[in-house]
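The structure appears below as C-alpha cells.
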Amino acid sequence: MVNFGKKLTANRVQEWERYYINYKLMKKKVKQFAQQIQEGGQDRRRVLKEFSRMLDDQIEKTVLFFLEQQGIIAHRIQELGEQRTILLEQPDISKISGLREAYTAVGQDLLKLLRFVDLNATGIRKILKKFDKRFGYKFTDYYLSTRSNHPYSQLQQVFKHVGVAAVVGALSRNLADLQERQGSYLSIYDQPSTALTVQDPVIYLIHASVDKLTRSTNFLQYLGQHALIVHEDVPTAEEDQIDDKRYHFMSLLLNLANTFLYMVNTYIIVPTADDYSMSLGAAATVCGVIIGSMAVAQVFSSVYFSAWSNRSYFKPLVFSSIVLFLGNTLYALAYDVDSLAILLTGRLLCGMGSARAVNRRYISDCVPLKIRMQASAGFVSASALGMACGPALAGLLQTNFKIYALTINQDTLPGWVMAFAWLAYLIWLWISFKEPIRDTEVKHSSPDVDAGHDENEALESGLMQHLLISSEQKQNEDGDDECNDSEDASEDSHRPATSVASAYRLLTPSIKVQLLIYFMLKYAMEILLSESSVITSYYFGWSTSSVAIFLAILGLTVLPVNAVVGTYISNMFEDRQLLLGSEILVLLGIVLSFQFTSSYTVPQYVCSALITFVAAEVLEGVNLSLLSQVMSSRLARGTYNGGLLSTEAGTLARVVADGTITLAGYLGESKLLNITLLPSLLICLASIAATIRTYNSLF
C-alpha cells in the first residue's frame, strides 16, 4: 500500500498528466511557507493569499480540462445519437450491437474522467488538511465554504456537475432504447429512476461514482448508515460473481428476523420488570439490574460472535437461538421457583445469545453491493420495529392463570412467548439457512471473467470512495505527513486489527469523540426507557398497559424521524452540523426532564422524553455516519471492527445506565429521577465540548 503521492502517480492517465493538480509542488510549498514563517521571512496573511491563489490556479486547470473532456464526450454521444436514429428507422442487428459497444466505450471514458475528478478532489482535500496541520489555521473551512458556494467558483463544477448528470442521462436513455424493451414502458423516463442503474454495467458504475461525488443521501442510505456496515469499493466483475454465489435471500431474511426478535426480546420485559422484581421480594428499582444483565452478557458475546463469524454464519445463529430459548425459559420459570437468581441467569443467557455482530457481518460479506444498502436499511428497520413491538406486545400480555404448576401472567408470559418464538425461529433456520461459500471456494469454482471487463476493473478501483471523505484516504493522510519524506507505508498498515490493543491504537481523537457521543446517547436512551415504568408508576400511577403504549409510541417514531432527516434535513446541513445540533437537543431534553418543583406533570415528562428520544435517534444516525468516515480502513473488517467497537460502547453505556438506576433506587424512588439524569447531563455536556474541540476534523 502506498501513500497518496505515489497513488496519484500510479493511477493517473498518462496523456492527461499535465492537467492533474501538482500535488508534489503544493506539498513542497506548504513546507517552504512553514519554514519562512518560522524564520520570520514571510507574513502569515501573505502566505494565506499566495497559497489560496496557487490552489485556485491548480483547481482552475483541472476543472477547465474536465469541462473540455465532458464536452468531447457529449459530442461523441450526439454523433452516436444520429447513427441510432438511422438504425431505428432501418434496423440492422449487427450494427445495433456495434453501436451499443460504442456507447459502452463512451461510458468507460466517462468513468475515466470521473476517476480524474476523484483523484484531484482527494489531493485538494489532503493539501488543505496539511496546511491546517502546519499552520494551526482553520483554512479548510474557509476555503471550501467560500469557493463551493460562490457563483463563479470552479469548485461548483465539481460539487454540482450538472453537465455530468446530463451526459449520464443521455447514455442511459440511448443504451436503454437499444435494448430489447420489456414491459409496457414507452421510454426510460416512464420508469422508476432506480431501474436504470441495472440495465448496463457501465451505467451502474457511473451512477455509483456520481452518487459518491455528490455525497447525495436518501432515506435508505441514511438508514443504512445506522448499521455501520462499511462499503469500501465498487466490486469488480469477478467480485460481483462471488457476491452472487454467496447471496441467498432466505438467509438474509433469517438474519433480519434474528435482529428483530432480539430487539423484541430486549424491550418486551421493560414495562413489567419492576413488577416482576417486587413479586420476587426485591425493590422496584432492581428492574435496572434485570434489564441491564442482558447488556452485561452482550459485552462479551459480541466479541466471540464477531470472531465466530470469520468461520461460519449458520453455527453462531443456531447457538444464539438455543441460548435465547433457554434464557427466556429460565426467565419465565423464575416466578414459580421464586428465585431472583434464576431470573437474572435467564437474562444473562439472553445476552449471551446476541448475534447482532453476525447479522452485520453477513450483510457486509454476503450481500451483493447493489442491494447492500437496502439490506443495511432493513437491518436498522428490523431493530427499530423490534424496539417498538417489544413494549407493545408486553401491553397485550395482561392475563393471569395457571397451567398445572406454571403461572402465566404479565411477568412470565413475555418469557414464554419469546421462548416459543426462538424455538420456531430455530426450526426455520435449520430448514432454510444456506451457509455461504467462502472466498477461496468461490474463486476456485468461478469461471474466468471476460477480457473485455479488464479496463472496467482498472477504472472501478476507488470510485465508490467519498469525494472529500474516505476511511482509506483518512488513513493514507495520516501516513503522508510532511515530516516524513518517505512515501512508502508498512505492509501492516492495511491489515485489520487483530486485538483490542491494536484496535485501540487506531482510534484517533475524532473516533474517540464519536464513540463518546455514542456512549452518551445510548446512556440517555437507556435511562429513559429502563426507568420509565418506575417513574410513571410513582408520579402518575400509570398501569403496565399505559407504560407499554408510551414506549411503543416512542419506538414507532424511529422510522418517520429517520425518513425526514434522511430525505430532507441531511441534504440541507453537513453531518457535523446535524451532530452538534442533535447533541444540543438531547441536552435540552435531559434538562427538561428534571423535577425542579414539587409537582411533576405528565406533559413535562412526555415532551421531554420525546425530545430526548427523537434527538438521540437522529444523533445515532449522524454519529455512525461520521464514525464510518473518520475510521481507519483497518477497522472496516476483521473481528475487531468498527461495528464491534460501536456495539461495545453502546452496550457498556446500557450496563452503566441500568446499574445507575438500581444504585439510585437505594436512595428512594422520590430521588431516582434527578439522580439518574445528572450523569446523563454531565456526559452530554462533555460530548458537546469534545465535539466543538474536534469539529474541524469531522469531514
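Heads up, the Cβ atoms here are built off N, Cα and C, so glycines get one too.
Per TrEMBL, these features apply:
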COMPBIAS  478-490  compositional bias 'Acidic residues'
DOMAIN    2-145  domain 'SPX'
REGION    474-496  region 'Disordered'
TRANSMEM  252-270  transmembrane segment
TRANSMEM  282-305  transmembrane segment
TRANSMEM  317-334  transmembrane segment
TRANSMEM  340-358  transmembrane segment
TRANSMEM  379-401  transmembrane segment
TRANSMEM  413-433  transmembrane segment
TRANSMEM  515-540  transmembrane segment
TRANSMEM  546-566  transmembrane segment
TRANSMEM  578-596  transmembrane segment
TRANSMEM  602-627  transmembrane segment
TRANSMEM  672-692  transmembrane segment
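At the 8 Å Cβ threshold, with sequence separation of at least 6, the transmembrane segment (672-692) comes into contact with the transmembrane segment (515-540) through 3 or more pairs. Note on the domain 'SPX' (2-145): its mean pLDDT in the predicted model is 80. Each residue of the domain 'SPX' (2-145) gets a DSSP state, and the totals for helix, strand and coil are 127 helix, 1 strand, 16 coil.
Residues 276, 290-291, 294, 313, 317, 320-321, 324, 328, 331, 347, 350, 353-356, 358-359, 362-363, 366-367, 375, 378-379, 382-387, 389-391, 393-394, 414-415, 417-418, 421-422, 425, 428-429, 432-433, 529-530, 532-533, 547, 551, 555 of the same chain lie 6 or more positions beyond the ends of the transmembrane segment (252-270) yet place their CB under 8 Å from a CB of it. Proximity of the transmembrane segment (546-566) to the transmembrane segment (413-433) is not established, fewer than 3 Cβ-Cβ distances being under 8 Å for residue pairs spaced 6 or more apart.
For the transmembrane segment (578-596), same-chain residues at least 6 beyond its ends with a Cβ under 8 Å from one of its own Cβ atoms are 517, 520-521, 524, 528, 565, 569-570, 604-605, 607-616, 618-619, 622-623, 626, 673-674, 677, 680-681, 684-685, 687-688, 691-692, 695, 698. The transmembrane segment (413-433) and the transmembrane segment (515-540) are not in contact, since fewer than 3 Cβ pairs between them lie under 8 Å (pairs 6 or more apart in sequence).
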